[in-house]
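Asker: Submitted below is the structure of interest, expressed as structure tokens.
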Amino acid sequence: MSATAPTWLNNGDNAWQLTAASLVALQSVPGLVILYAGISKTKWAINSAFMAFYGFAATLIVWVVYAYNMGFGNQWIPLCGVPYPAIGMGHELQQSTLPAAGVSQAFPQATMVYFQFVFAAITIVIMAGAFLGRMNFLAWIVFVPLWITFSYVISAFSIWGGGFLFQLGVIDYSGGYVIHVSSGTAGFVGAACIGPRHATDRASHRPSNLGFVMVGAGILWVGWNGFNGGDPYTASPDAGAAVLNTNICTATSLLVWTLLDYFYYKKPAILGSVQGMITGLVAITPAAGVIAGWAAIVMGVLSASIPWCTMNLLGKRLWLFKYVDDTLGVFHTHLVAGFVGGFFTGIFATIDGSAAFGLTNPGGAIAGNGRQVWVQIVGALFVIGWNMAVTPLILFFIKYVLRIPLRMSEEMLLVGDDAVHGEAAYAIENAFSLVERDRNGNGHGVETAYTTATNGEGSGTTEGASEEMRAKEAKRMGVTEVV
């Protein structure tokens, strides 16, 4: 044994785990950063991308300072582990173990800390999708560490770290509950607490760049190979099954959602196909390595059709969905799809798949273990209930105790990125250019450009500016010629 090659180390497992973690990191940065910038109106592209960028960075610092051990360390209270730093060299180099769960891995603790971090970070980034276009950035700065501390680590410890749901036998292969049901619930409840976007933004929400949306979606899809393939914590046969099933379900879901759009709206839409892709990825996550390939196809059909109905039928009819402004519909794409995936994991889990993943569960209902269905329901209800309670408490603490508004001012909501960050996504000289000739008639002019970033509807930070307004601005600036 040597310091560079301890006996417990499996180089292949360590290499795959770091690769899988890097793939998951790419899903957030740049994947969802790009997707959010593209799917938002132009005046919100910077803010939307920056919310994801900040969430990723802030989560890492909270994670290594104390939160990792709350989620995966020695049990402290029934719902979480002891808060403790994970940045000492001795801690980073030792063999990875999950003490409350009673399992260890053939790679170092540093690898596990990073792998679990990227999961925590993408949960925050997904949730941000429900708040885009109106959340006060200072409130977001405070919200991220508080939510990781009081919500995420509770779900992670309870289901993965050795907590009561782990002991109960809930199957959540790679985060259908810990990540997607929690972010979908917290996003929806948080959107209700924060309040809606400006009325003009809700009425017209055309994406600024569909090319960015497709690039971000592609990174998300491919990155999911690490998302699900990394959760056996070893480069095992089950990791291969998880990757294959992930892609089968996702492709099926995308195709079914596209067909539903085609038959209902008479047009296949890119945004619809992206939604179908996401719901497929989400639904297969709790089941990836414990179900057979044929079940992945069935889950792909269900992961498209059920969220499609809640989004396009119930979402447009029920008062609750009209009242709560969930910007990107994370309720449907993550909460509903995550619940669907977790529930049908309880039905389709196989004995062989469970054993290959290292579980003692004797499969799901198709294997004669009907108990697994209600166990899965209990797990989902706990995550939903906890987030429904904790998320508003965090937001109300920020609003009423710290006195930080949750929502931007009306002026900021009208202007967008330029008012919030002093930046614009696209440097487009729009509206008009003003030129004043000097009085000496020497032909040299001073050009003053009144530049705004345009949104998807052709208006910008001076949204809906009329010719009269432009003329007044020219007069105020003393400009004699407008071109």
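Glycine is no exception: its Cβ is also placed from the backbone N, Cα and C atoms.
Residues or ranges marked as compositional bias 'Low complexity' in TrEMBL: 451-464. Annotation source TrEMBL lists compositional bias 'Basic and acidic residues' at 467-483. Annotated domain 'Ammonium transporter AmtB-like' per TrEMBL: 15-426, in sequence order. Here TrEMBL flags 443-483 as region 'Disordered'. Per TrEMBL, transmembrane segment is recorded for 15-37, 49-68, 113-132, 137-157, 177-196, 208-227, 239-260, 269-288, 294-314, 335-357, 377-402.
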Asker: Look at every Cβ pair spanning the transmembrane segment (49-68) and the transmembrane segment (137-157), keep those 6 or more apart in sequence, and say whether at least 3 of them are under 8 Å.
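Answerer: In this chain the transmembrane segment (49-68) contacts the transmembrane segment (137-157) - 3 or more Cβ pairs sit under 8 Å.
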Asker: Do we see three or more Cβ pairs under 8 Å linking the transmembrane segment (137-157) and the transmembrane segment (294-314), pairs being at least 6 apart in sequence?
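Answerer: Answer no, regions not in contact.
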Asker: Report, as numbers and ranges, every residue of the chain located at least six residues beyond the transmembrane segment (335-357) whose Cβ falls under 8 Å of a Cβ in that stretch; write 'none' if there are none.
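Answerer: Sequence-remote neighbours of the transmembrane segment (335-357) are 171-173, 176-177, 179-181, 184-185, 187-188, 232, 236-238, 241, 278-280, 282-287, 289-292, 295, 298-299, 302-303, 306-307, 310, 363-367, 369, 372-377, 379-380, 384.
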Asker: Among 15-37, 113-132, 239-260, point out the range having the most Cβ pairs under 8 angstroms from the transmembrane segment (177-196).
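Answerer: Out of the listed stretches, 113-132 contacts the transmembrane segment (177-196) most.
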Asker: Rank 113-132, 208-227, 239-260, 377-402 by Cβ pairs under 8 Å to the transmembrane segment (15-37) and hand me the top one.
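Answerer: That would be 208-227.
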Asker: Calculate the per-residue pLDDT averaged over the domain 'Ammonium transporter AmtB-like' (15-426) and state the result as an integer.
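Answerer: Averaged over the domain 'Ammonium transporter AmtB-like' (15-426), per-residue pLDDT gives 96.
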